[in-house]
Ligand code: SAH
Ligand code: F3S
């Protein structure tokens, strides 16, 4: 049927409008944990439906979003400096809008808009689906804020737009929030109570990633071992679930198995594990499936029982050793890494020695170490005095970093002479002629490119190393290569 003139005019007006709206540019910067980087990909997806394309160029941005971190004071100061810079740019580009997302948005809420007036929009981690409305508000000249925490939001139905991706490795978020209430930690306040994402939507996302050429996923959560799907809702409400829901619930070991079976060639990693929640089932599932990598990030925070208790970490040093022994018995070549805090309130020299001796026992492959930073609103801030002097925190931190460096070197050397599978992620930072990838234990390996390409699974002979990088030579494709 022939179109009437009216219809065709309307049609072209519509496509013109769509083209105009599609030309808006979003510049997004992320700070803090992997979860924040993953959330930014959800935000980019929600906004692409609103006609925003992402850009890497700040100077062409119509909307600048900063996904922020509150974990330590320093993280907040870094973000503040960036916000001041964006505010200065706005003087020359008044149409540019600035929004703050994530944990600082949640923690400081209206303060940004009312007292400081350096941003146009404040959006907490559970409110990203409200972004279309909030953007309309700021387009109409009003400030916008939504920091409501949710009981069931997991963004399971949002397909993330991959940002700064190497096209090979991707994050897949599986839980949100945290119920643990470690006394030093701000996360339960900024990200709310723990809830798990529908396993089917996780498997669908992993399948889709495989189709698009991705070869490794990291399942993300503040405490992945505590994953429990029973049909929606908060983890703490599981006791109230129906018998049917309880009978069909999926825990983390079962989720790992589902993902491993769905894509038997996809490498699977996960982060972060909390010692108090990691089960033997999870370790056995790791051992059972070749494609689940032999690496566990298992933060301990301190080696002293007294400090662990004050931190509300619900395990002892001895129980932690038992877990480490079980991991090593079931997966002998499993790499383990830590997070450690020095100078928690009341920490004595003896507590610090306990941390060093715990590290000697485990000999971690890698570590992330921090000086205690008091966070407003946490239990430690309310109940304890931040009484370890800054220079003592600094000296103890330097000592654990030095010990970790030695262990890292020893662990890296253990791979020498072996032929291991490496997934190629991209060109080495130090040499155009070398590829960079990781072995199952997450150790970085570099080797001459030859005819291999990004995304290949390659067998690499490890000939040499620095303290944290293996230097090798490819000897052929892995059986896993596609
Ligand atoms: N379960 C989370 C932990 C998030 S915080 C995860 O997925 O990694 C990451 C690390 O920051 C913690 O393990 C802890 O070592 C450190 N950290 C948290 N709060 C801190 C504080 N107040 N001061 C110093 N370090 C802190
Ligand atoms: Fe923080 Fe402890 Fe949860 S470190 S994120 S409260 S497991």
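Using the three backbone atoms N, Cα and C, a Cβ is placed for every residue, glycine included.
Predicted automatically and left uncurated, TrEMBL annotations should be read as such.
Feature list (source: TrEMBL):
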- 24-140: domain 'MTTase N-terminal' (DOMAIN)
- 33, 69, 103: [4Fe-4S] cluster 1 binding site (BINDING)
- 164-411: domain 'Radical SAM core' (DOMAIN)
- 178, 182, 185: [4Fe-4S] cluster 2 binding site (BINDING)
- 413-476: domain 'TRAM' (DOMAIN)
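For residue 69 ([4Fe-4S] cluster 1 binding site), the same-chain residues lying six or more positions away in sequence with a CB closer than 8 A to its CB are 31, 32, 33, 36, 75, 76, 79, 102, 103, 104. The [4Fe-4S] cluster 1 site is set by 33, 69, 103; from the centre of their CB atoms, other residues of the chain with a CB within 8 Å are 31, 32, 35, 36, 68, 70, 71, 75, 102, 187, 190. Compared over the binding-site residues 33, 103, 178, 182, 185, the count of CB atoms lying within 10 A of a residue's CB peaks at 103.
Residues 185, taken from the binding-site residues 33, 69, 103, 185, are distinguished by a CB atom under 6 angstroms from ligand 2. Here the domain 'MTTase N-terminal' (24-140) has a mean pLDDT of 94 out of 100. Checked against ligand 1, the binding-site residues 69, 103, 182, 185 give 185 as the ones with a Cβ under 6 Å from it, listed in sequence order. What surrounds the [4Fe-4S] cluster 2 site, by Cβ distance within 8 Å of the Cβ centroid and not counting 178, 182, 185, is the set 180, 181, 184, 186, 187, 188, 222 from the same chain. A helical conformation is recorded for residue 103 ([4Fe-4S] cluster 1 binding site) in the three-state DSSP classification.
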